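See below for the structure under consideration.
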Amino acid sequence: MEFSVKNGSVEKQRTACLVVGVYEPRRLSAAAEQLDKLSEGYISTLLRRGDLEGKAGQTLLLHNVPNVPADRVLLVGCGKERELTERQYKQIIQKMVQAVSETGSMEVVCFLTELHVKGRTSYWNVRFAIEAIQESLYSYNDFKSIKPEVRREFRRVIFNVANRKDLADAERALEQGKAISTGVAFAKNVANCPPNVCNPAYLAELAKGLAAEYDNIRTTVIDEAEMAALGMNAYLAVSRGSQNPAYLSVIEYKNHPNPDAKPIVLVGKGLTFDSGGISIKPSDSMDEMKYDMGGAASVYGTMKALAEMKLPLNVIGVLAGCENMPDGNAYRPGDILTTMNGLTVEVLNTDAEGRLVLCDTLTYVERFEPELVIDMATLTGACMIALGAHNSGLMSTSNVLANDLLNAAEQADDKAWRLPLGEEYQEQLKSNFADLANIGGRLGGAITAGQLLSNFTKKYVWAHLDIAGTAWKSGVAKGATGRPVSLLSQFLINKANNQ
């Protein structure tokens with residue numbers, strides 16, 4: 001898909017399809033008013049007849065509009081004027097995509113980016129439009145022998161901005177929106193890939209692929225022998241039941257003006273399949289446990305977006321690849337594991353494995369002397385119960401970092417909600433036989449999981465994103481979401497802008 005921006009008048013658009021908005025009740029947007037004057041009241045006459053009310057998401061396709069050089073005019077309902085939210089805006093963009101896809105149009109000139117969206121600028125209108133279009137057009141059919149038949153997709157979208165002074169911001173939105181959308185799609189592709197293909201070795205190859213594609217990326221892959229030498233016993237215990245060995249992939253992106261600047265480290269839990277191990281999961285929906293590597297997928301997608309945006313930062317992405325399977329050699333409830341930093345953990349449930357992989361990985365990244373560390377993990381069902389599928393759960397030992405992430409989440413419309421940490425939750429992790437237990441009981445399960453991780457982050461500023469409820473969708477719309485690539489990308493954009 002080709003995207004571009006311009007500042008032009010609606011009456012001069014010679015294109016396959018011209019898209020303008022109509023507010024509720026039957027109120028023309030500025031661009032639609034210009035078209036109405038040009039067509040001598042043709043559009044307002046149709047509205048008076050009741051052909052379109054203007055409710056958000058309604059569409060009306062017109063052909064041969066008098067005096068209008070465009071082949072088609074698509075009217076899109078935008079709801080009540082001045083009340084358009086980010087969510088509604090993305091929905092009307094997606095309705096535009098659906099309507100245009102059913103025509104033979106190869107090009108679209110879109111004036112919806114001129115609409116007033118609450119609290120947003122032209123930059124955000126253009127960027128959100130690109131992200132919404134790419135979301136609408138995404139499909140994952142790699143393993144279908146007969147590909148679904150689709151109409152020929154339009155190839156080019158031109159976004160109009162009302163003020164010439166906003167063109168520079170719109171161009172920036174164009175480049176960043178394309179990069180972030182690419183990163184989201186990469187994350188989705190990896191997460192949607194079946195676990196008989198996407199195993200820890202596959203994740204490692206993807207990480208190497210980024211290094212082959214970008215000159216300022218270097219990838220190092222650590223195998224189980226190296227992990228054993230480092231004392232990553234908790235990580236390795238989780239992997240013991242699988243015939244697919246674990247791999248820790250370290251993707252180093254260096255583009256800071258000061259090559260010695262401390263890096264931002266992104267850690268992704270990469271359980272390419274989680275059966276639960278000896279504490280085996282119910283069979284219902286176990287297939288969705290291929291998505292237990294959503295954290296690693298989001299780190300991979302973010303590193304892709306980062307490289308495309310060429311942000312002047314030093315960033316390290318870590319993919320903690322592993323499988324959790326039942327086997328005669330699998331770790332057991334009751335085992336006590338000595339972690340890389342020396343703390344011992346009693347295993348009370350082998351299905352609480354992600355935190356064991358992460359605790360050693362979080363210790364490993366100390367060697368980079370990071371500015372900060374953020375880990376992403378589909379960690380707990382408890383977070384899904386608490387926050388549903390809309391907000392990722394955020395925990396942090398730093399108010400500054402937590403606020404920066406929440407700000408980025410709001411900006412990118414990739415929402416997160418902060419949950420507490422504290423010594424009262426640490427009490428729930430007490431064990432009679434080890435320094436820590438790997439679970440803290442039924443109450444506050446998302447928080448006690450984050451609290452456990454905090455024991456391994458004492459040497460740097462740290463935040464944890466529990467994306468168990470946001471990394472994928474179930475049911476008819478089943479598939480990976482690519483979250484929180486947008487949040488992380490915005491966080492990095494903000495870091496680059498403020499240094």
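Quick reminder: no glycine exception, Cβ is built from N, Cα and C everywhere.
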Site-mate of ASP351, GLU353 for Mn(2+) 1 in Swiss-Prot, selected among ASP274, ASP284, ASP287: ASP274
Among ASP260, ASP292, ASP360 - the residue Swiss-Prot places in the same Mn(2+) 2 site as LYS269, ASP274, GLU353: ASP292
Cα-nearest neighbour of LYS269 (Mn(2+) 2 binding site) within the listed recorded positions, LYS281, ASP351, ARG355: ARG355
Other CB atoms, at most 10 A from the CB of LYS269 (Mn(2+) 2 binding site): 30
GLU353 (Mn(2+) 2 binding site), number of other Cβ atoms within 10 Å: 30
Spatial neighbours of ASP292 (Mn(2+) 2 binding site) that are distant in sequence (at least 6 apart) but have CB under 8 A: LYS269, LEU271, THR272, PHE273, ASP274, GLY354, THR378
Winner by Cβ contact number (other Cβ atoms within 10 Å) across the binding-site residues ASP274, ASP351: ASP274
CB within-chain contacts under 8 A for LYS281 (active site), separation at least 6: ASP274, SER275, MET289, ASP351
Neighbours of LYS269, ASP274, ASP292, GLU353 excl. site residues, C-beta within 8 Å of centre, Mn(2+) 2: VAL238, LEU271, MET289, MET293, CYS322, ASN324, GLY354, VAL357, ALA377, THR378
